[in-house]
C-alpha cells in the first residue's frame, strides 16, 4: 500500500479512538436506565514508562525505556517483539505485578487516575497454566465460581455462570475431562489455556491481561484461543479491554488485533493500528514480502540476537542495530507518535470515577468450605499426597512389628521398647516430607489464585488443615495399630489412642513445617533438603541420641531441646508406655523389679513434673503456632512486597 493509504488508515483509526473516548466521557447518573461510565469499560494509559533491574540503590539494567501508549475498551492490544524485548515486563507493569528487584517510574493511569486494579474488574492470565491436575474442567471452574462470586448469587446461578463461561471458551466437550499432568493424560495445551482464561473471566472483568496466551500452541489452536478472547465482548456485552503479550502470532491471529505495540530492546519501534504496521515498515524501506506473515517479517527485521547474513554484493547492508534505530527515530518523528501523545493526554483528562470492585467475594465460611472440599478431592485423587504414603507407612509398620514382635515385659526389653517408640515418632513421621512435591503444586495454585484476589491465606490454611485431618488420622490408625499391638506395647485403649494421637500430631507438625518451608523456599529439591535438615537437627537434639543433661549449651540445650517437637513426642510416648508398669530383672541373687517411672527418671532423664497429656498439649499447641506462622509469613509477604514496590517506584531512577 502507498504512504497515502497509510496516512488515511491512521486518520481513520484516530477518529475511531476519539469517538470511543467521547463515549467514555459520557456520564450517566445511576438509576436513569442507562449505562454508567463504569459499565462502558476501562481506558488504560502509560507515559514515559521506565523499568530497570536494581541491586540495592544501584540500577543494573534498563528493561523498558520511556514507553508511552494506551489501551481502550472494546479493543485488543498486542504487545510484540523478539525474546527479551520487555513484553512480559510491560504487561506486568501495567497489571501492577512487577517484582521487588525492579524499579519503575512514569505514569500508569486507569481511566485517567492512578489507582490499583480492583478485584472483579481486572484479570490476569499467566503464561504457565497452573491448575490442579486432578480436577475436571467442570469442577475447576465451578469451584472457582463458588470462591469468586458473591454470596448473593445462589449455587444454581454460580453453576450456570460456570457452564456458560465454559461454553464461551469452547470447552463444553471436555467438561468431564481431568486437567491431567505428569503420568496422567488430560487436556491439551490449548484446552488448558482456555480453562485458565475461563477461571479468570468468571467475574466478567473489564480489563484482561494475557501473558503469551499462544505459547506452546500450534497455529490452529492459537487462532481459536485468541478468536474466543476477541469474541468475548459479543457474548457478554462488556466492552472489554484486552492486553496480550504475544511472541509470534500467525497471520490469522495478527488480523484479530486492533492495536500493535512493537518493542525491541525495551524501546517502542511502533505503536498504532495493527492494520497500518506493514505500511509503516514499507515506508521506512523494509517492506513485507508478498505472502509472508507480517509478524514474522517484523521480528526478523528487529531481532538483533542473530545478525542477518549479508547477501553477496550487499556488504553495505544495514546492521540490525541501525535498522532498529531507523525505525524508532522514524516512529518518534511521525504523525502517528503525535497521535499517541494526544490520545494519552485525552485519556488523562477523562472525568471518571475510581475503578471499584465489581462485587464482594464469597464469605470466609463459604471459601473455607469450598477450599476444604476441593482440597479433599485433590488429596484423594493425587496418589502423591496420602495414598502412596499410606502404603509405605503400612509396609514400614509391618517391618517394625516383625522386628520388635512380642517384645515382652522384662528389663532386657526396655531398650527395644524405647527404640521402637523413638523410630515411630522420628523416622516414621519424617516420611511425611514425601508429600511435599504434591503440596508444592497445590501452593502454586494457591499463589496464583491469591495473587488474582480469589481468596485469602486464612481461608486456604483452614481448608488445607481440615481436608488433611481424615487422611492423617487414617495413616496414624492403620500403620499405628500394626506398630503398637504386634510388638506388645502396653495394653489398654487409652494408651493406644494416646499413641496414635501423638503420631497424628507429629505428622501434622511435619506438614505444617513443610508449609512454612514452601513459602520461604518454593523449590522442589531445595525445599526437601531444607525440611529434612531442620527435622534432622530436631531429632538430634530431642533427647534420644544425647541425653538432655548431656546436651551442650548454648545451642543444643537452649533453645533446640525446647523447640524440637521430638522432645515432647519422646517424653509423651515414654510416659504412656512405661508409667504404671514394672519390669522384673534377673540378676544373680535376689530378684528385683524396675518401675517404669524409675527407668525414665534415671535412665532417660525424662521430665516427670507433668503428665503425658501436657506433652500432647504442647504438640497440639506447636501445630497451631506453625500454622499461624505460615499465615504470618504469607500476609507479611503480601504487605511487604507492595511497600518495596512503592519504594522502588521513585523519580530518581537511572534512565541511561
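Heads up, the Cβ atoms here are built off N, Cα and C, so glycines get one too.
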Which one of these stretches, 591-612, 613-634, shows up in TrEMBL as transmembrane segment?
-> 613-634
Of 341-364, 461-484, the range TrEMBL tags as transmembrane segment is 461-484
Have a look at 304-325, 524-545, 546-567 and point to the one annotated transmembrane segment in TrEMBL.
-> 524-545
Annotated range (TrEMBL: transmembrane segment) out of 273-296, 417-440 | 417-440
Near the transmembrane segment (386-405), which same-chain residues lie under 8 Å Cβ to Cβ, leaving out any that are not at least 6 residues past its ends?
-> 379-380, 416-417, 419-420, 423-424, 428, 431-432, 434-435, 471-472, 474-475, 478-480, 482-483, 486-488
May I ask for the residues of the chain that lie six or more residues beyond the transmembrane segment (496-517) and have a Cβ under 8 Å from a Cβ within it?
-> 424-425, 428-430, 432-433, 435-436, 439, 443, 461, 464, 468, 472-473, 475-477, 480-481, 484-485, 489, 527, 530-531, 534-535, 565-566, 569, 572-573, 576, 612, 615-616, 619-620, 622-623, 626-627, 629-630, 633
Taking every residue in the domain 'ABC transporter' (44-290), the average pLDDT works out to 89
Tertiary contacts of the transmembrane segment (524-545), as residues 6+ beyond its ends and Cβ separation under 8 Å | 418, 422, 426, 430, 433, 436-437, 440, 510, 513-514, 517-518, 551, 556-557, 560-561, 563-567, 569-571, 604-605
